[in-house]
Amino acid sequence: MLAVKVYNTLTRKKEEFKPLVPGQISMYVCGPTVYNYIHIGNARSSIAFDTIRRYLEYKGYKVKYVSNFTDVDDKMINEAHAEETTVPKLAEKFINAFLEDTTALNIEPATLHPRATHEIKEIIAFIQTLIDKGYAYESHGDVYYRAKKFKHYGELSDQNIERLEEGASEHINDEEQNRKEDPIDFALWKAQKEPDEIAWDSPWGKGRPGWHIECSVMSTKYLGDTIDIHGGGQDLEFPHHENEIAQSEAKTGKKFVNYWLHNGFVTVGKDQEKMSKSLHNFVTVHDILKEVDPQVLRFFMASVQYRRQINYSAENLQQAATILDRFKNTLVNINYRLEDDTPSKDSDELAKAIAKTNEKFEVAMDDDFNVQNALTAIYDLLPIVNANANAEKADKKSLKLFKDKLSAWLLVFGIDTEKLCSQSAGSNDEIDQLVKKRDEARKKKDWATSDQIRDQLKEMGITIQDTPQGTRWTRD
């Protein structure tokens, strides 16, 4: 097995990936705060790390993949109030919506999807340990983490703690200043503000957990004190992931994560502005899937290396659709040839080209999941494959090999080739009957009828291809 290299945000360099347990990988990816439908930017993270997970599984690793639901925080409380519902009901609605959207995008379910509200007992115990060790303190019912006590604070995001402290002091209000020992300290537990606000009993009074502590608790509970891979968007690098490290390593005394991976943003418009709910420039997956084929959206998002930005536009979506169509039509072409009764001609040429492409694919993906180079290698093979499929005598053994390989390669990107082909060709009786009538007209040299049927099929979104092996059709 060739070694996979990943870019580790903590060390700012590519490193050879070595899991704690040979053949097994523990992986935690920060999930959504479930107060609304996910937008394309949220989906980018889910798709990026699903693609990484799929490739690691393709390599033979057994991956335990944990991704949480943040089902209580300020946004949840505010949205529940605005919708005149409860936080649990709001969470349930949008957890179900998230699962529907990710299923449509063929994102594999996590091994575990823990919810913060189901881990309150563990969160309270975790916080108490930090207090006992001197890393946290109670103040007016809140509990804060002493950031400066953790000597590695700021290393993940490459920030100086003194500068962080200066920045925090400029944005802190008088009430927070009175509660905190230091402006840079962050909340582990938040006291209940209103009698009807969702809260749990704790040694410090009624309240709820802070966002950062939730992920520390859930990741270590289900994956252990040290995790192989922790992923998330670049916007989570600070303060969220920085705080996770501080909390977790202070509690356990062990390295929290061996490899930190962060995906790039989705941008929109000519100015390539970051897509976010706070900027009100987002498009939800729920809405976009009403207009865009889920496989096209999935392929578009998966075909850009995870650390790079993606510019979301109709033009870029169309480009992805065109590439996907090329793969689709090649598979349809192969299927027709494999099903016809023409003799096969075995040859080493195509088999060798497939083996070389497989090598290029894996070399690219082993290099920090370079999906662009991997897809280029596959795409460059298509003319050779199609030429063989259209030859008088095709190498059917190698065509079958390519079909199987392409299915495995594209599955890494979340594309199911059987589903892809079912959208392109099939046993639609109406179309088959029209094609049959056209063939009969051609045999009689009734070109007017033949052309009329071709035009009729074109209006139905069907493209006709006349080959030595017979007439083939695909959906546009």
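Any Cβ shown, glycine's included, is placed from N, Cα and C.
Sequence-distant neighbours of Glu244 (Zn(2+) binding site): residues of the same chain at least 6 apart with a C-beta under 8 Å from its C-beta are His212, Cys215, Ser216, Ser219, His230, Phe256. In the three-state DSSP scheme, Glu244 (Zn(2+) binding site) falls into the helix class. What Swiss-Prot records for Cys30, Cys215, His240, Glu244 is Zn(2+) binding site, and it gives sequence analysis as the kind of evidence.
Marked as motif ''HIGH' region' by Swiss-Prot: 32-42. Here the motif ''HIGH' region' (32-42) has, by DSSP, the following mix of helix, strand and coil residues: 3 helix, 2 strand, 6 coil.
Taken from Swiss-Prot, the feature motif ''KMSKS' region' covers 274-278.
The ATP binding site annotation in Swiss-Prot covers Lys277 and rests on sequence analysis.
In this structure, the binding-site residues under consideration are Cys30, Cys215, and the one with the smallest number of other Cβ atoms within 10 Å of its Cβ is Cys30.
Counting every protein chain shown, the number of other Cβ atoms lying within 10 Å of the Cβ of His240 (Zn(2+) binding site) is 16.
Listed in chain order, the extra residues whose Cβ falls within 8 Å of the Cβ center of the Zn(2+) site residues Cys30, Cys215, His240, Glu244 are Trp211, His212, Glu214, Ser216, Ser219, His230, Gly232, Leu236, His241, Asn243.
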